[in-house]
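Below is one structure, written out as C-alpha cells, with a few remarks after it.
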Amino acid sequence: MHMQVEETAVEPVRLFRINTGSCNGCDVELAVTSAVTEFDVEQLGCRYTESAREADVVLITGPLTVRARDEVLRLYAATPRDKVTVAIGVCPVSGGVFRDSYAVDGPLERHLPVDVNVPGCPPRPQALLAGISEALAIREARRAGVEPSRKPKQGKRPNADNFPARGRLSFDAGACVDCRMCRHVCAAGAIRFQEGEDGVRLTLWHNSCVFCGLCCHYCPTGALSVTGDWRLDHPASDTFRQVERGEIPYAPCSGCGESIVPAAPQLLHAAFRRPNPEIEKLATLCPACRQVMSIGAPRR
Amino acid sequence: MTTKIIELGPHQLALEEPMYFRVRLEGDRVADLDVMPGQVHRGMEHLVMRRNLYQNITLLERLCSLCSNSHPSTFCTAVEEVAGIVIPPRAEYLRAVADEIKRIASHLFCCAVQANAIGEIPLFRRVMEIREIMQRAKEAIYGNRMDLAANVIGGVRYDLTPEAVAYLYQAMEDMKKPLDELYLQFANNPALMARMAWVGVLPREAAVECAVVGPVARACGIDYDVRKKSPYGAYDRLDFEVATQTAGDVRARNLVRLAEARQSVSLIEQCLAQLPAGPLCADTLPEIPAGEAIAKSEAPRGELMYYLRTDGSDFPVRLKWRVPSYMNWDALKVMLKGEPVANIPLIVNSIDPCIACTDR
C-alpha cells in the first residue's frame with residue numbers, strides 16, 4: 001500500500017489521536033502504524049503529533065464515555081478548524097458492543113462532525129492506512145476547493161487478500177430460515193429482522209458489527225458468513241449505507257395455504273443429513289400441518 | 001523544599017489509554033500520587049446484565065483488547081462450572097494456545113512501550129517488529145489481530161488444521177532467537193540498565209501488602225502464577241517454570257515478562273505436540289441452570305477472577321471481576337515515591353497498567 005502524496009513529502013501531514021474510552025484495541029493497532037515499517041504512516045507522508053494544535057487529521061477511537069467527554073471535546077476544540085476527522089473502529093459510530101450503556105455518550109457525531117469511518121474491531125493496520133488515505137484525499141480536495149472524489153476505491157479495490165481476516169459479512173437469504181439465532185447472539189445489536197408484507201427482511205449494519213463471527217458460528221444453515229473483505233472505510237455521509245440485507249420471501253403452506261417461511265434445503269440437510277422426498281415435503285408445511293403429517297394431529 | 005501538585009495525562013505518560021494522575025512533588029521528587037480513574041468506564045457491569053450469555057462472550061472479549069482472550073475464556077469457564085460442562089480435551093489445549101499467543105503479544109507490547117517511554121526508539125520499533133510475528137499468526141489463525149473470537153460456552157470455535165499447526169510451529173521457531181536476544185538486552189544493556197535497574201522498586205513486603213499479582217508480583221520474588229497454583233484447562237499437563245526475579249524494579253518486571261514470553265513459546269509447542277484429537281465443543285446450545293461460580297486464570301497482567309451468578313435464564317444475574325491491574329496500580333504509590341518526575345512514564349508503564357480492564 002504505497003501511496004505518494006506529493007505535496008506532503010515536504011511537510012508531513014500530522015495525525016493526532018484521541019481515545020474516548022476505548023478497549024485499547026484500535027489504539028494498540030494505531031501504535032503499530034507508528035512503529036512497524038510495513039504499516040508506518042510515513043509511507044502516506046504522515047507522522048503522529050502529541051499536540052492538538054498541530055493536528056491535520058484527528059483519529060478518534062472508543063465509544064465516547066460520559067467521563068471522557070469533556071476532555072475529548074476540549075482536545076477537539078484545540079485542533080485547527082480545517083482538520084479532517086476519522087472515526088476508528090465501530091465504537092465512535094454506533095457504540096459497538098458498548099451501545100445502550102448509561103456510561104456511554106455516543107455516537108460521536110452528536111458532538112462533533114466526522115468525515116471518515118473505518119469500521120473494524122479493531123480494523124487491521126491496512127484498513128487504518130486506507131482510512132487515513134481517504135482522509136488525506138478529503139483534505140487535499142478541501143484545500144483545492146473541490147468536492148472530494150467519491151470513487152477512488154472502485155475498480156482495483158482489493159476484496160480480500162490471502163489472509164482470512166474477518167471482514168464484511170455476507171447474507172444468503174435463500175438459506176435463512178428466520179430462526180433469528182444470529183440476532184440473539186449479536187452483542188452489538190447489529191442485526192435487525194423486519195416482517196413485511198411479502199417476507200422477512202434481515203439487515204446487518206457494518207458500523208455496529210464487531211466482526212466476531214458468532215452469528216455465523218450459531219447459524220444452523222450457513223446463511224450468514226464472514227468474508228475476508230476488510231476494506232470498509234467510507235465517508236461519514238455513507239454511514240447508514242454500510243449494510244448487508246436480504247429478504248426471505250414468504251410462501252404459502254402447501255397444506256393450509258398460510259404464509260410461512262419455508263425451511264431451506266440447508267436446514268433439512270443439517271437436520272436429516274440425507275433428506276428423502278418424504279422429508280422434503282416438510283419444507284413447505286407450516287408447523288401445524290407438519291404435526292398433522294407426522295403425528296396425525298396438531299400438538300396441543 | 002517546595003511542594004507542587006501537577007496533573008499528568010496520557011500524552012505525558014506515553015500511555016495508549018486515558019489515565020490521569022495527580023502527583024504531589026517535593027522539589028523534583030514524587031511524594032505522593034492519586035490515580036484519577038474512570039475515563040474508560042463503559043458501564044460493563046450494567047451491560048453484561050443486559051446481554052445474554054452468548055452476547056457476553058463477544059462483549060467481554062472487548063473489555064480489554066490486550067488481554068482479550070483471558071476474559072471470554074474465564075467467563076466461559078465460569079458458565080461451564082455453573083452448568084457442570086466438561087470441555088473436550090482438544091478445546092482445553094486450544095484455549096491454552098490462544099491464551100499464550102496473547103500473552104506473548106501483550107508482554108512484548110509492554111516492553112516496547114517502555115522502550116518508547118525512555119526514548120529508545122530503535123528498540124521500541126524492534127520489539128514491535130518481533131511482536132508482528134505474533135500479530136500475523138493471530139490474524140492467520142483467528143482472523144483478527146487483537147480479538148481472537150476463540151471461545152464459546154463448552155469449548156472453542158476454531159480448529160488448528162495440520163497446516164495451521166505447521167505454520168504455528170514455524171512462527172514459534174521464529175520467535176525463539178529474537179526473544180532470547182531481547183532478554184539479554186533488557187538484562188545487560190548498559191543504557192537500559194541505567195534507566196531500569198533500581199528504578200521503581202517495590203519491596204517484597206510492600207508487594208504482599210498491596211496484593212499485587214502477575215509479573216509485578218513475580219518480579220518481587222512472589223512465586224504466584226494461577227497456571228501453577230491452581231491449574232485450569234490444559235495447564236496441569238504442560239511443563240513450565242514460574243519465572244521470578246527478586247529485585248522488584250522495572251528491569252526485573254521486564255525480565256519476568258520476557259522469560260514468560262519465551263516460556264509461552266515452549267507452552268504453545270507443547271500444546272501442538274500433545275494436541276489430542278476430538279470434538280471442539282461439548283454441546284452447541286447447553287442449558288445453563290441457576291447457580292454461581294468463580295473462575296480464575298492467569299491473564300498477561302496476572303490473576304483474573306470472574307464471579308458469575310445465573311438464575312436459569314439466558315441472562316446473567318450478576319457478573320463481577322477482579323482484574324490484575326486494580327491491585328497493581330495501587331502499588332505505584334510505593335514504586336514512585338522519591339522518584340524523579342522524568343521516571344514517572346517508565347514506572348507507570350512498567351506495571352503494564354490496563355485501564356480498560358480496571359475502569360470497565
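Every residue, even glycine, has its Cβ placed from backbone N, Cα and C.
No curator has checked TrEMBL annotations; they are predicted automatically.
Record features (TrEMBL):
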type	residues	note
BINDING	B:E45	Mg(2+) binding site
BINDING	B:C64, B:C67, B:C354	Ni(2+) binding site
BINDING	B:C67, B:C357	Fe cation binding site
DOMAIN	B:118-283	domain 'NADH-quinone oxidoreductase subunit D'
DOMAIN	B:287-360	domain 'NADH-quinone oxidoreductase subunit D'
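The separation of B:C357 (Fe cation binding site) from the residue listed as 'Mg(2+) binding site', Cα to Cα, is 12 Å. DSSP labels the residues of the domain 'NADH-quinone oxidoreductase subunit D' (B:287-360) in these numbers: 27 helix, 28 strand, 19 coil.
Across the structure, B:C64 (Ni(2+) binding site) and B:C357 (Fe cation binding site) are spaced 5 Å apart at their Cα atoms. Here B:C354 (Ni(2+) binding site) comes close to B:E17, B:C64, B:L66, B:C67, B:R301, B:V323, B:P324, B:S325: these same-chain residues lie at least six apart in sequence, with C-beta atoms under 8 angstroms from its C-beta. In the predicted model, the domain 'NADH-quinone oxidoreductase subunit D' (B:287-360) has a mean pLDDT of 90.
Proximity to chain A, taken as a Cβ less than 8 Å from one of its Cβ atoms, holds for none of the binding-site residues B:E45, B:C67, B:C357. Non-local contacts of B:C357 (Fe cation binding site) by the CB criterion (under 8 A, 6+ apart in sequence, same chain) comprise B:L63, B:C64, B:C67, B:R301, B:W321, B:V323, B:P324, B:S325, B:Y326.
Of the listed binding-site residues, namely B:C64, B:C67, the sparsest Cβ surroundings within 10 Å are found at B:C67. Under DSSP, B:C64 (Ni(2+) binding site) is assigned to coil, being neither helix nor strand in the three-state scheme. When Cβ atoms from all protein chains are considered, those within 10 Å of B:E45 (Mg(2+) binding site) total 15, not counting its own.
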